[in-house]
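These notes concern the structure reproduced below.
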Amino acid sequence: QPQPISPLKNFFAGGFGGVCLVFVGHPLDTIKVRLQTQPKPQPGQTPLYSGTFDCFRKTLVKEGIQGLYRGMAAPIIGVTPMFAVCFFGFGLGKRLQQRKPDDVLTYPQLFAAGMLSGVFTTVIMAPGERIKCLLQIQAATGETKYSGSLDCAKQLYREAGIRGVYKGTVLTLMRDVPASGMYFMTYEWLKNILTPEGKSVSDLSVPRILFAGGLAGIFNWAVAIPPDVLKSRFQTAPAGKYPNGFRDVLRELIREEGVASLYKGFTAVMIRAFPANAACFLGFEVAMKFLNWVAPGL
């Protein structure tokens with residue numbers, strides 16, 4: 001199981017896996033954010049979107065296929081370094097817990113290593129998520145405040161400095177640290193279970209890698225959805241609306257919409273989680289095999 005950590009290989013393989021994830025999963029991520037941030041309807045009014053499929057249909061009719069990929073530039077730009085750091089952080093977390101290079105880690109140790117990767121990625125993830133969410137809801141409201149990802153970043157910095165760009169960092173940590181632990185631990189656990197007796201984990205077939213990666217994504221989002229709802233609300237709210245941060249968002253949601261509001265976008269998230277994360281881990285494994293073949297000493 002233990003492998004020497006190669007930052008360069010992790011960078012390229014993790015980046016390729018992340019690009020696969022964004023391309024496959026972004027349309028449903030757009031749906032998820034729009035459902036999570038839609039305004040509460042006034043008495044007698046119908047909600048903007050009645051559910052996942054209604055939001056998908058209205059977005060497709062009004063904006064075409066490009067509407068589903070709105071705001072994708074920010075995650076694509078951040079994806080290569082983010083997933084490089086993510087997979088490197090997981091590998092580093094494993095190595096820090098090994099006394100000898102051939103030590104096999106327990107599942108709680110794998111969970112701890114995954115949590116470390118969540119800490120590493122927040123630096124890149126928080127501003128990328130902020131920009132992505134703002135661009136995703138902009139099209140739904142009909143306003144055009146930002147012309148693109150770079151313009152959005154410039155305006156946020158001009159209005160509130162670096163704090164404006166990194167708004168929602170604590171909530172990103174609250175989402176990604178435990179969710180990343182679950183993500184990697186589940187993937188490693190499923191790989192071990194799916195490996196035939198007498199075979200190596202590295203020889204796992206493509207369908208089994210897809211299944212393990214997809215199910216790891218489901219487990220990841222089962223943990224991540226409540227803080228993700230709070231993060232989306234907080235990052236897209238006007239300045240000063242929630243002076244006490246996520247506590248104000250949580251109180252407002254529970255008071256006005258009940259506990260079920262913490263699972264807004266659940267259907268979109270779960271439909272997206274399996275194929276997107278299956279694509280991510282398959283991309284990572286394929287890229288790692290290719291790099292090990294062309295540059296074994298890298």
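Just so it is clear, glycine is given a Cβ too, placed from its N, Cα and C backbone atoms.
Annotated repeat 'Solcar' per TrEMBL: 5-96, 105-193, 204-290, in sequence order. Annotated transmembrane segment per TrEMBL: 72-92, 104-126, in sequence order.
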Sequence-remote partners of the transmembrane segment (104-126) [C-beta within less than 8 Å, at least six residues beyond its ends]: 1-2, 78, 81-83, 85-94, 96-98, 166, 168-169, 172-173, 176-185, 188-189
Reported mean pLDDT - the repeat 'Solcar' (204-290): 90
